[in-house]
Every structure is written in C-alpha cells, then in structure tokens.
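S.K.: Below is one structure. I have some questions about it.
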Amino acid sequence: MFLAALSLSFISKALSAIIMKSSITQIERRFDISSSTVGLIDGSFEMGNLLVIVFVSYFGAKLHRPKLIGIGCFTMGIGSILTALPHFFMGYYRYSKDTPINPSENSTSSFSTCLINQNLSLNRTSLEIVGKGWEKESGSHMWIYILLGNMLRGIGETPITPLGISYIDDFAKEGHSSFYLGNLFAVTMIGPIVGFLLVSLFSKMYVDIGYVDLSTIRITPKDSRWVGAWWLGFLVAGLISIISSIPFFFLPKNLDKPKKEKKASVSLPVQNEEKSQMAHLTKQGQNVSGTVAGFFQSLKNILTNPLYVITLFLTLLQASSHIGIITYVFKYVEQQYGQSASETSILFGFITIPTFASGMFTGGYIIKKFKFTLVGIAKFSFCSHMLSFLFHLLNFALICENKSVAGLTLTYDGNNPVASHINVPLSYCNSDCNCDQSQWEPLCGDNGITYISPCLAGCKSSSGSKKSVMFHNCSCVEVNGFQSRNNSMKLGECPKNDQCTRKFYVYIVVQIFIFFSSALGSTSNIMLVFKNVEPELKSLAMGFHSLTIRTLGGIPAPIYFGALIDRACMKWSVNNYGKQGSCRIYNSTLYGNTFFGLTTSLKLPALVLYVVLISVMKKKYQGKDIKASENERKSVNEANLEPLSSDAGVDRETHI
C-alpha cells in the first residue's frame, strides 16, 4: 500500500514539473511579463525546496514519515491549485488593444485602420474607454500568486523522495528494496508522459474556454499572442497530488519488523530501557557539540578534496546549462520555428523520455560491462559529454533567418532593410494615417512580408468577421515591384519559409543525439561525486552537491537565461498601464545565437574541467586498479537515494 501511494505521489510531482516547464510561454503572455520574470517564477520552486530541506533531512527520520509525506503531497497540491487561481480572479484575456472587454462581441469594427488627417487622440480615447476599470488585467502583479504557488509546490515536494525511499529501504525484506525502487522509478515515467499529453491538449484550448464564444476569437494557436488553458493543467496536477496524500495518513509510522528482531525487542527489560534513556540524556550535550564539530570537520574534508571540488564545479556548469535549456527550449522552438505550444509539447514528450531512458540504460550497461576504473569512468563521462557538445554546436547552423517584418527588419513600405528595429521612421504610405505604433495586430501580405498592424500597412477598410477578416486598399503592400492601393491582406503573421521548416526537422534529429549522449554520461557524473571521497563522507558529499546545484544552478540559471533572451526582443507589448509587457516577436538570429551561445559558454569550461579532473585522478590513482566492486555498486544505489529536485537539470536526469 505504501509503495502504491508513493508511486502516485511520484507521478503527481513529475506531472507538476512538466506542466510548469511547458507552460512558461503561456504564463509569460497571459500576465504580460518578461522572460527574466518568468525565470524568477521558475526558480521559486528551488527556493521553496531550500526553505525546508534542512528540517526534512534532520527531523524526517525521527517523525512519522508517512504523515510527513502526506502533508508534503497535500502542500504540493495546494501549491499547484494556487498557481491556477489567478485565472479566476482576472478578467478576460485581451490579446489586442482592439479586443473588447467581452470578446464575444463582434470586434471587426474596432480595428484601427488608416485614418488620414484624423487626430490620433480619437483612437487612444477609444482604447482608454475599453481599458477603463480593467485593474486586474495582465499588467497587474497577479503573477506573484504563480511564484508563491510554485514555491509552495517546492516546499511540499521536499520530503517525498528522501523519506519515501528511506521508508521502503528500512522495512522492505532484505534484497527486495532495489526491486521496489526499480518499480517505483519505472512507474514514475507515467507522470512526464501524461504531463506532455495534457499540456498538448490544454494548449489547443483558448485560455477563457467556457467563458467566451470561441467562434469570435480571431487568433490561432500559432499566433504569438495565443494563450492556451494553462490553468487546467495545474488544477489537474493539484487534484492528483491531494488525492495521493490521502493514503499516507492511514499508514503506520513503522511496519512490522522481522520476527527475530521483534522478539528480541520485546524481551528487553523495562529497567534497561530506562537506564539507556537516562544515559542518553546525560550525554546529550556532549553529543550535540561533538556532532557539530564533526560536521564542520567533515565539510572541511570534502571541500579540501581537489577531486570533489573539480567535480562539483563541472557538474554545476553542466546543470546550469541543462536547467536553462529545459526552461526555455519550448519557447525557443515556438519562436524560432513557428510551432504552436501544443505541437512543441507533444514533440518533446515523444523524443525526450525514451531517449533519456535508453541513454542512461546504455551508459550504465557500458560501465558494468567493461568494469571501468575511476579514471575510466571519468574518461567515459568526458567522451559522452564531448560528443553531446559537438552535436550541440550543430544548433548554430540550424538558426533561421529573421522574418521579413515591415517596421522591424524592413522599412514600412517593405522595400529596404533597416539597420535597427528601434524607432524605424514611418514611410510615405502610412505617415498620414495617425497610427498607434505600440499596437501589434500582424497581417500577412501576398509578398510574404508581415506588417505590424492594419494601420501601419496603410489599409483603409476591412471586411468579413472573426478569423476570416480581410483588409483592403493597403498602400504599403508592394507586389511584383508595383505599389497598389487595391492590395488585400489577411490577419496573422506570415509563416516561416521552407528552408526554416527543413531546419526544424534536422533540429529534432540533432536533439535526439544530444539527449542520448548527455544521458550516457549522467550516471558516471554522479558516481564521480561520491567515489572520490571517503566512504563515511559519501552522504555529506551528495547532500552538499545537491544543495549547490539547487542554490547556484536551479535558482539563478532561469533568471539570467531569461534576461539575455529578452535582449533579442524586437517588439514588446504595452499593457494598460503603459508599461512593457511580454515579447511579441524576437530577432531569430540574435535569439538563437544568445541561447546557444550561453549554453556553449557553460558547457565548454565544464569540458576543460574534465581534462583537469582526469589528469589529477591519474596522479592520485597511478598504479592502482580501482574497480567498481559490489560494495561500491551498493554505494551507488545508496547515493542515488539523496533528495532530488525534479526541476533541476542534472538531478532530473539522475532521477529518471
């Protein structure tokens, strides 16, 4: 019963992690915030984890472990539900300034077209009327609830893994715990699979489904303003987490011990027990002081171990790059290759899980088959990550060219490229139209050029309704070298060209090789952490390693990745408060070079540290043939039972 309950809790926490990572772009658009702010929200999970990890590590084994796990699952569920709550407090999502407060109304007449010789204040006044009283719109600070919910989820998840696995190890029959743990981690894979499927399904649904007439929504899932029903995923994950908590409150603190141990414990006289308690009380002060002194001495021992310190730094660099990639890869594929959030989620669901699983299995099999020494394990890890790095460099060749956008990459008449997207001057075709240049209502011309808005395209009129709106007499559109006032345009950005589509297919193949080669060396990375320290310091070494990865990798990495990605934005939305919102369109070339350049700058020093590590290990173990004995393999299993975070890159791979 405990194993079944723990399996459901593992599924729910993996499900919640996938839903959060896959919903980053949706949250950014819905709350009109930058990528760096979303990175802060994502890092709040690790903040919550760190708040209680010391308490759980020290007191967890002394208290009622099943109840603590149940409280953790319940807290995790409340955190997920809190994350979804802002959706019910906010008004309808307005994807455009021209969108009325009630999207079910026919909004065709509200399009801002070219109004020659009319005062711009007329347009702005109407927009102010639409936005009046809209205090709870996207520009508010409702995203703080997302941050708090994610932090609460991190707090709740902390006791599940260490206390659950230690409980199984304590009360399972001898030799059976590894079988139970194997089943546990295998069943956990249901979580990511279901998570990717749910995100793919909910991303197709409009955010205000059930509240508005969907036939009146004029944007599609591939539009840069589309927001899916992100909140549904968090509600589902929260309910599953709460349900998984229920059985733990009915399970005992301790299961029945084997009969021999039980009889021995019953036969102990009460007097002996009282004496032992008195002796414990008299020595308590000495034990505490000795334990504290011993802890700092042990910590000093591992931090003065050059092999451990080098391994710590190289795994931190690798973890930071992995966390940045995991956090923003969905956003990258959507922006770079024009894929919808739904397509991206289902795609990564199909390629990541089987690729990582097969890579880790193959890596473990190779290490066991060839019985590598410690130096051999380090060399194998270096080779696998070098292979991953070489495949990673191919990503630079798969970056698409910028879209042709009048007013950002081209002049407004679409004839000439511009040096910068900032303050592009108006052209003769729209200078008299009194346009609001902060508006984003993209149109696609027959010439393959995207225009920022009907007004800036010089369109004088519109016809049709909903998604089939057409704009006519667009003076800025040039077809076959001729300017015509009779050109028509349709809503939506122009699609990526065929060359970019071909690059996308190659990109998918490259990612499979990257994931597989990274997974090959993930197990050996963890082995290097604890095999280069004394056996009695193994647990402390793994614990300090996990703490460092969370603190210096899990929290800052999403923030600085997001801040650099923001620099590639060409067009920001402007909320009702006149402040910068979320990004509408990126400079594809700059985005790709920034994203992969940053990951390369983290991966390359890690490879250099591998070379240093191998050379130092050769000097230390010269002439020694240190194989992975049965005892060491047992240490591997024990070390993998340390608290893991499903939102951290290297820890995620180890967990899988």
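Just so you know, glycine gets a Cβ as well, placed from its N, Cα and C.
According to TrEMBL, the record shows the following:
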DOMAIN    1-618  domain 'Major facilitator superfamily (MFS) profile'
SIGNAL    1-16  signal peptide
TRANSMEM  40-61  transmembrane segment
TRANSMEM  68-89  transmembrane segment
TRANSMEM  180-202  transmembrane segment
TRANSMEM  229-251  transmembrane segment
TRANSMEM  307-330  transmembrane segment
TRANSMEM  346-367  transmembrane segment
TRANSMEM  374-394  transmembrane segment
DOMAIN    423-478  domain 'Kazal-like'
TRANSMEM  504-530  transmembrane segment
TRANSMEM  595-617  transmembrane segment
COMPBIAS  627-636  compositional bias 'Basic and acidic residues'
REGION    627-656  region 'Disordered'
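Are these features on the surface or tucked inside, and what touches them?
M.R.: Away from its own ends, the signal peptide (1-16) comes close to residues 66, 69, 72-73, 76-77, 80, 153, 157, 160-161, 164, 167-168, 180, 183-185, 187-192, 194-195, 198, 234, 236-238, 240-241, 243-245, 247-248, 251, 255, 646 of its chain (Cβ-Cβ under 8 Å, at least six residues beyond either end).
Sequence-distant contacts of the transmembrane segment (68-89) (same chain, at least 6 residues past either end, Cβ-Cβ under 8 Å): 6, 9, 12-13, 16, 20, 30-31, 48, 56, 60, 136, 142-143, 145-146, 148-160, 163-164, 167, 207, 230-232, 234-235, 237-242, 244-249.
Residues 318, 363, 366-367, 510, 513-514, 517-518, 520-521, 524-525, 527-528, 531-532, 596, 599-600, 603-604, 606-607, 610-611, 613-614, 617-618, 621, 626, 628 of the same chain sit 6 or more residues outside the transmembrane segment (374-394) yet have a Cβ under 8 Å from a Cβ within it.
Within the chain, the transmembrane segment (595-617) has long-range Cβ neighbours (under 8 A, six or more residues past its boundaries) at 306-307, 310-311, 313-315, 317-318, 320-321, 324-325, 328, 332, 374-375, 378-379, 381-382, 385-386, 388-389, 392-393, 395-396, 399, 528, 532, 560-561, 564-565.
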S.K.: For the domain 'Kazal-like' (423-478), what are the DSSP-based totals of helix, strand and coil residues?
M.R.: 3 helix, 11 strand, 42 coil
S.K.: Can at least 3 Cβ pairs under 8 A be found between the transmembrane segment (346-367) and the transmembrane segment (40-61), with each pair 6 or more apart in sequence?
M.R.: no
S.K.: Excluding the flanking five residues on each side, which residues at least 6 beyond the ends of the transmembrane segment (229-251) place their CB within less than 8 Å of a CB in that stretch?
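M.R.: Apart from its flanks, the transmembrane segment (229-251) reaches 1-2, 4-5, 8-9, 11-13, 15-16, 19, 22-23, 26-27, 30, 66-67, 69-74, 76-81, 83-84, 86-88, 149, 156, 195, 198-199, 202-203, 205-207, 209.
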S.K.: Who are the chain neighbours of the transmembrane segment (307-330) in space, where the CB to CB distance is under 8 Å and they lie at least 6 residues beyond its ends?
M.R.: 21-22, 24-25, 35, 39, 42, 341, 344-345, 348, 385, 518, 525, 528-529, 532-533, 541, 544-545, 548-549, 552-554, 556-558, 561-562, 565, 595, 598-599, 602-603, 605-606, 609-610, 612-613, 616-617, 620, 647-653
